[in-house]
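Visitor: One structure coming up, written as C-alpha coordinates, with questions to follow.
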Amino acid sequence: MALVASVRVPARVLLRAGARLPGAALGRTERAAGGGDGARRFGSQRVLVEPDAGAGVAVMKFKNPPVNSLSLEFLTELVISLEKLENDKSFRGVILTSDRPGVFSAGLDLTEMCGRSPAHYAGYWKAVQELWLRLYQSNLVLVSAINGACPAGGCLVALTCDYRILADNPRYCIGLNETQLGIIAPFWLKDTLENTIGHRAAERALQLGLLFPPAEALQVGIVDQVVPEEQVQSTALSAIAQWMAIPDHARQLTKAMMRKATASRLVTQRDADVQNFVSFISKDSIQKSLQMYLERLKEEKG
(Lines of atoms letter the chains of each structure in order from A and count residues from 1; the text may use other names and numbers.)
(Lines give C-alpha, C1' and ligand atoms only; values in the text may rest on other atoms or scores of the structure.)
Protein backbone atom coordinates (compact mmCIF):
# COMPACT_ATOMS: atom_id res chain seq x y z
CA MET A 1 0.00 0.00 0.00
CA ALA A 2 2.14 2.81 -1.27
CA LEU A 3 1.59 6.23 -2.67
CA VAL A 4 3.86 6.69 -5.62
CA ALA A 5 3.71 8.71 -8.77
CA SER A 6 3.96 7.92 -12.45
CA VAL A 7 6.17 10.97 -12.95
CA ARG A 8 9.92 10.67 -13.05
CA VAL A 9 11.46 10.01 -9.63
CA PRO A 10 15.24 9.82 -9.22
CA ALA A 11 16.77 6.57 -8.06
CA ARG A 12 19.19 7.93 -5.48
CA VAL A 13 20.87 6.74 -2.33
CA LEU A 14 19.12 7.93 0.83
CA LEU A 15 20.00 7.80 4.50
CA ARG A 16 19.04 4.71 6.43
CA ALA A 17 16.05 4.94 8.74
CA GLY A 18 16.93 6.71 11.95
CA ALA A 19 20.06 8.30 10.53
CA ARG A 20 20.79 11.93 11.30
CA LEU A 21 19.07 14.13 8.78
CA PRO A 22 21.32 16.80 7.31
CA GLY A 23 19.67 20.17 7.44
CA ALA A 24 16.69 18.86 9.40
CA ALA A 25 17.18 21.33 12.22
CA LEU A 26 15.17 24.45 11.50
CA GLY A 27 17.55 26.96 12.95
CA ARG A 28 18.48 28.99 9.89
CA THR A 29 16.59 32.26 9.51
CA GLU A 30 16.69 35.26 7.20
CA ARG A 31 14.44 38.24 6.69
CA ALA A 32 11.58 37.42 4.35
CA ALA A 33 11.19 39.66 1.33
CA GLY A 34 8.00 41.56 1.86
CA GLY A 35 7.39 39.78 5.17
CA GLY A 36 5.43 41.92 7.56
CA ASP A 37 6.08 42.56 11.22
CA GLY A 38 9.77 41.76 10.99
CA ALA A 39 9.02 38.26 9.77
CA ARG A 40 11.96 36.05 8.96
CA ARG A 41 12.21 33.07 6.71
CA PHE A 42 13.20 29.82 8.32
CA GLY A 43 13.62 26.40 6.94
CA SER A 44 15.72 23.38 6.26
CA GLN A 45 17.34 21.76 3.29
CA ARG A 46 14.01 20.71 1.76
CA VAL A 47 11.43 23.10 3.23
CA LEU A 48 11.34 26.90 3.14
CA VAL A 49 8.89 28.78 5.35
CA GLU A 50 8.11 32.41 4.54
CA PRO A 51 6.17 33.84 7.50
CA ASP A 52 4.11 36.98 7.78
CA ALA A 53 3.40 37.14 11.49
CA GLY A 54 1.47 40.37 11.08
CA ALA A 55 -1.04 38.65 8.82
CA GLY A 56 -0.88 35.41 10.79
CA VAL A 57 0.00 33.45 7.65
CA ALA A 58 3.06 31.46 6.56
CA VAL A 59 3.87 30.06 3.13
CA MET A 60 5.55 26.65 3.28
CA LYS A 61 7.44 25.87 0.07
CA PHE A 62 8.59 22.38 -0.89
CA LYS A 63 12.10 22.32 -2.34
CA ASN A 64 13.25 18.72 -2.52
CA PRO A 65 14.68 18.49 -6.07
CA PRO A 66 14.00 17.43 -8.63
CA VAL A 67 10.31 16.56 -8.06
CA ASN A 68 9.61 16.98 -4.32
CA SER A 69 9.38 13.23 -3.80
CA LEU A 70 8.52 12.43 -0.19
CA SER A 71 11.75 10.94 1.09
CA LEU A 72 12.19 10.10 4.76
CA GLU A 73 14.20 13.28 5.25
CA PHE A 74 11.59 15.42 3.49
CA LEU A 75 8.73 13.91 5.49
CA THR A 76 10.61 14.62 8.70
CA GLU A 77 11.35 18.22 7.76
CA LEU A 78 7.74 18.87 6.78
CA VAL A 79 6.50 17.68 10.17
CA ILE A 80 9.12 19.75 12.01
CA SER A 81 8.21 22.87 10.01
CA LEU A 82 4.50 22.42 10.68
CA GLU A 83 5.12 21.82 14.37
CA LYS A 84 7.14 25.02 14.64
CA LEU A 85 4.29 27.04 13.12
CA GLU A 86 1.69 25.35 15.30
CA ASN A 87 3.70 26.22 18.41
CA ASP A 88 3.87 29.90 17.41
CA LYS A 89 0.52 31.47 18.34
CA SER A 90 1.08 34.35 15.92
CA PHE A 91 0.28 32.00 13.03
CA ARG A 92 -3.25 30.90 12.21
CA GLY A 93 -2.87 29.67 8.63
CA VAL A 94 -0.37 28.06 6.26
CA ILE A 95 -0.24 27.93 2.47
CA LEU A 96 1.45 24.80 1.14
CA THR A 97 3.06 25.15 -2.27
CA SER A 98 6.08 24.13 -4.32
CA ASP A 99 9.36 25.87 -5.01
CA ARG A 100 10.04 23.42 -7.87
CA PRO A 101 8.79 24.38 -11.36
CA GLY A 102 5.97 22.23 -12.68
CA VAL A 103 5.52 19.85 -9.76
CA PHE A 104 3.76 20.16 -6.41
CA SER A 105 4.99 16.73 -5.28
CA ALA A 106 5.55 13.57 -7.28
CA GLY A 107 4.58 11.33 -4.37
CA LEU A 108 6.45 8.92 -2.16
CA ASP A 109 10.09 8.24 -2.92
CA LEU A 110 10.29 4.81 -4.53
CA THR A 111 13.87 4.34 -3.42
CA GLU A 112 12.63 4.27 0.17
CA MET A 113 10.53 1.23 -0.67
CA CYS A 114 12.84 -0.82 -2.83
CA GLY A 115 15.76 -3.00 -1.74
CA ARG A 116 15.57 -1.95 1.91
CA SER A 117 15.05 -3.84 5.15
CA PRO A 118 11.65 -4.46 6.76
CA ALA A 119 12.73 -2.13 9.58
CA HIS A 120 13.37 0.66 7.08
CA TYR A 121 9.99 0.12 5.42
CA ALA A 122 8.31 0.27 8.83
CA GLY A 123 10.11 3.47 9.80
CA TYR A 124 9.30 5.07 6.49
CA TRP A 125 5.61 4.21 6.64
CA LYS A 126 5.37 5.55 10.19
CA ALA A 127 6.74 8.84 8.85
CA VAL A 128 4.09 8.88 6.11
CA GLN A 129 1.37 8.21 8.67
CA GLU A 130 2.73 10.95 10.92
CA LEU A 131 2.70 13.55 8.16
CA TRP A 132 -0.89 12.73 7.23
CA LEU A 133 -2.07 12.81 10.84
CA ARG A 134 -0.29 16.08 11.62
CA LEU A 135 -1.67 17.80 8.53
CA TYR A 136 -5.15 16.31 8.72
CA GLN A 137 -5.61 17.15 12.41
CA SER A 138 -3.87 20.53 12.39
CA ASN A 139 -5.68 23.41 14.08
CA LEU A 140 -4.17 25.76 11.52
CA VAL A 141 -6.03 26.72 8.37
CA LEU A 142 -4.23 24.83 5.58
CA VAL A 143 -4.58 25.89 1.96
CA SER A 144 -2.76 24.07 -0.83
CA ALA A 145 -1.63 26.25 -3.72
CA ILE A 146 -1.04 23.49 -6.25
CA ASN A 147 1.34 24.95 -8.81
CA GLY A 148 2.41 21.72 -10.47
CA ALA A 149 1.68 18.03 -10.96
CA CYS A 150 0.11 16.48 -7.88
CA PRO A 151 -0.17 12.68 -8.17
CA ALA A 152 -0.24 10.00 -5.48
CA GLY A 153 1.55 11.15 -2.33
CA GLY A 154 1.37 14.73 -3.54
CA CYS A 155 -2.39 14.33 -3.64
CA LEU A 156 -2.20 12.95 -0.08
CA VAL A 157 -0.73 16.24 1.10
CA ALA A 158 -3.29 18.32 -0.81
CA LEU A 159 -6.25 16.29 0.46
CA THR A 160 -5.38 17.02 4.08
CA CYS A 161 -5.85 20.74 3.49
CA ASP A 162 -8.99 22.73 4.18
CA TYR A 163 -8.96 24.28 0.70
CA ARG A 164 -7.26 23.37 -2.58
CA ILE A 165 -6.41 25.67 -5.49
CA LEU A 166 -5.01 24.19 -8.71
CA ALA A 167 -3.20 26.06 -11.48
CA ASP A 168 -5.00 25.87 -14.81
CA ASN A 169 -2.36 23.97 -16.74
CA PRO A 170 -3.27 20.72 -18.57
CA ARG A 171 0.00 19.15 -17.40
CA TYR A 172 -0.91 19.63 -13.75
CA CYS A 173 -3.03 16.61 -12.89
CA ILE A 174 -4.09 15.51 -9.42
CA GLY A 175 -5.25 12.13 -8.14
CA LEU A 176 -4.34 8.79 -6.62
CA ASN A 177 -2.89 6.66 -9.40
CA GLU A 178 -1.50 3.80 -7.28
CA THR A 179 -3.39 1.01 -9.07
CA GLN A 180 -1.68 1.91 -12.34
CA LEU A 181 1.53 0.66 -10.70
CA GLY A 182 -0.08 -2.46 -9.24
CA ILE A 183 -0.38 -1.13 -5.69
CA ILE A 184 -3.14 0.46 -3.63
CA ALA A 185 -3.74 3.49 -1.45
CA PRO A 186 -4.08 2.85 2.31
CA PHE A 187 -7.53 2.82 3.86
CA TRP A 188 -7.07 6.18 5.56
CA LEU A 189 -6.25 7.91 2.30
CA LYS A 190 -9.19 6.16 0.66
CA ASP A 191 -11.35 7.58 3.43
CA THR A 192 -9.95 11.08 2.86
CA LEU A 193 -10.69 10.96 -0.86
CA GLU A 194 -14.16 9.53 -0.24
CA ASN A 195 -14.89 12.34 2.23
CA THR A 196 -13.86 14.83 -0.44
CA ILE A 197 -15.54 13.61 -3.63
CA GLY A 198 -18.09 11.01 -2.48
CA HIS A 199 -18.17 7.23 -2.49
CA ARG A 200 -18.92 6.47 -6.14
CA ALA A 201 -16.50 9.03 -7.56
CA ALA A 202 -13.78 7.83 -5.16
CA GLU A 203 -14.41 4.18 -6.01
CA ARG A 204 -14.02 4.87 -9.71
CA ALA A 205 -10.99 7.12 -9.24
CA LEU A 206 -9.17 4.64 -6.98
CA GLN A 207 -9.88 1.53 -9.06
CA LEU A 208 -8.81 3.19 -12.30
CA GLY A 209 -5.96 5.18 -10.76
CA LEU A 210 -7.30 8.37 -12.31
CA LEU A 211 -5.32 11.58 -12.57
CA PHE A 212 -7.61 14.55 -13.12
CA PRO A 213 -6.60 17.55 -15.26
CA PRO A 214 -7.76 20.92 -13.88
CA ALA A 215 -11.27 21.11 -15.36
CA GLU A 216 -12.11 17.54 -14.36
CA ALA A 217 -10.53 17.99 -10.94
CA LEU A 218 -12.82 20.94 -10.29
CA GLN A 219 -15.85 19.10 -11.61
CA VAL A 220 -15.31 16.03 -9.42
CA GLY A 221 -14.52 18.21 -6.41
CA ILE A 222 -10.98 17.10 -5.62
CA VAL A 223 -10.00 20.79 -5.83
CA ASP A 224 -12.05 23.83 -4.86
CA GLN A 225 -10.77 26.33 -7.41
CA VAL A 226 -8.90 26.34 -10.71
CA VAL A 227 -7.21 29.64 -11.56
CA PRO A 228 -4.56 30.88 -14.01
CA GLU A 229 -1.11 29.79 -12.93
CA GLU A 230 0.06 33.32 -12.14
CA GLN A 231 -2.91 33.80 -9.80
CA VAL A 232 -2.49 30.71 -7.63
CA GLN A 233 -0.64 32.41 -4.79
CA SER A 234 -2.83 35.52 -4.66
CA THR A 235 -5.95 33.35 -4.74
CA ALA A 236 -4.57 31.26 -1.89
CA LEU A 237 -4.03 34.39 0.20
CA SER A 238 -7.60 35.52 -0.47
CA ALA A 239 -9.00 32.09 0.37
CA ILE A 240 -7.07 31.75 3.62
CA ALA A 241 -8.27 35.19 4.70
CA GLN A 242 -11.85 33.99 4.30
CA TRP A 243 -11.21 30.97 6.53
CA MET A 244 -9.33 33.06 9.08
CA ALA A 245 -12.28 35.47 9.34
CA ILE A 246 -14.04 32.77 11.37
CA PRO A 247 -13.24 32.70 15.12
CA ASP A 248 -10.53 30.09 15.67
CA HIS A 249 -12.25 28.21 18.48
CA ALA A 250 -15.43 27.64 16.48
CA ARG A 251 -13.61 26.70 13.28
CA GLN A 252 -11.14 24.40 15.03
CA LEU A 253 -13.82 22.55 16.99
CA THR A 254 -15.89 22.10 13.85
CA LYS A 255 -12.88 20.84 11.89
CA ALA A 256 -12.00 18.37 14.65
CA MET A 257 -15.60 17.14 14.79
CA MET A 258 -15.74 16.61 11.03
CA ARG A 259 -12.40 14.80 10.85
CA LYS A 260 -12.34 12.84 14.11
CA ALA A 261 -13.79 9.58 12.78
CA THR A 262 -11.42 9.42 9.81
CA ALA A 263 -8.33 10.26 11.87
CA SER A 264 -9.31 7.86 14.66
CA ARG A 265 -9.45 4.94 12.24
CA LEU A 266 -5.74 5.30 11.60
CA VAL A 267 -4.80 6.25 15.17
CA THR A 268 -6.32 3.02 16.48
CA GLN A 269 -4.78 0.89 13.72
CA ARG A 270 -1.36 2.44 13.16
CA ASP A 271 0.67 -0.65 14.05
CA ALA A 272 -1.51 -2.95 11.96
CA ASP A 273 -1.31 -0.52 9.04
CA VAL A 274 2.49 -0.50 9.27
CA GLN A 275 2.59 -4.30 9.38
CA ASN A 276 0.31 -4.51 6.34
CA PHE A 277 2.49 -2.08 4.43
CA VAL A 278 5.72 -3.92 5.28
CA SER A 279 4.18 -7.26 4.33
CA PHE A 280 2.90 -5.89 1.05
CA ILE A 281 5.96 -3.92 -0.03
CA SER A 282 8.29 -6.81 0.87
CA LYS A 283 6.63 -9.22 -1.56
CA ASP A 284 9.00 -10.39 -4.27
CA SER A 285 6.54 -9.42 -7.00
CA ILE A 286 6.21 -5.87 -5.67
CA GLN A 287 9.96 -5.46 -5.22
CA LYS A 288 10.57 -6.68 -8.77
CA SER A 289 7.96 -4.30 -10.11
CA LEU A 290 9.46 -1.33 -8.27
CA GLN A 291 12.98 -2.27 -9.34
CA MET A 292 11.92 -2.50 -12.98
CA TYR A 293 10.23 0.87 -12.74
CA LEU A 294 13.32 2.49 -11.21
CA GLU A 295 15.56 0.95 -13.85
CA ARG A 296 13.27 2.25 -16.57
CA LEU A 297 13.50 5.74 -15.10
CA LYS A 298 17.30 5.49 -15.10
CA GLU A 299 17.27 4.49 -18.76
CA GLU A 300 14.94 7.35 -19.68
CA LYS A 301 17.12 9.80 -17.78
CA GLY A 302 20.28 8.45 -19.35
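Glycine is treated like the rest: Cβ placed from N, Cα and C.
Per Swiss-Prot, the features are:
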type	residues	note
BINDING	A106, G107, L108, D109, L110, G153, N177	substrate binding site
MOD_RES	K61	N6-acetyllysine
MOD_RES	K61	N6-succinyllysine
MOD_RES	K84	N6-succinyllysine
MOD_RES	K89	N6-acetyllysine
MOD_RES	K283	N6-succinyllysine
MOD_RES	K283	N6-acetyllysine
MOD_RES	K288	N6-succinyllysine
SITE	E178	site 'Important for catalytic activity'
TRANSIT	1-41	transit peptide
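For each listed feature, how buried is it and what is near it?
Guide: The Cβ of G153 (substrate binding site) has 28 other Cβ atoms within 10 Å, all protein chains considered.
All protein chains considered, the CB of K61 (N6-acetyllysine) has 21 other CB atoms within 10 Å.
All protein chains included, K89 (N6-acetyllysine) registers 8 other Cβ atoms within 10 Å of its own Cβ.
Under the DSSP three-state reduction, K283 (N6-succinyllysine) is assigned to coil, being neither helix nor strand. In the shown protein chains, 10 other C-beta atoms lie within 10 A of the C-beta of K283 (N6-succinyllysine).
For K288 (N6-succinyllysine), no same-chain residue 6+ apart in sequence has a C-beta under 8 angstroms from its C-beta.
A helical conformation is recorded for E178 (site 'Important for catalytic activity') in the three-state DSSP classification.
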Visitor: Could you state the whole-number distance in Å separating the C-alpha atoms of E178 (site 'Important for catalytic activity') and L110 (substrate binding site)?
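Guide: That comes out at 12 Å between the alpha carbons.
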Visitor: For A106 (substrate binding site), what is the tally of other C-beta atoms lying within 10 angstroms of its C-beta?
Guide: 28
Visitor: Between K84 (N6-succinyllysine) and L110 (substrate binding site), what C-alpha distance do you get in Å?
Guide: 28
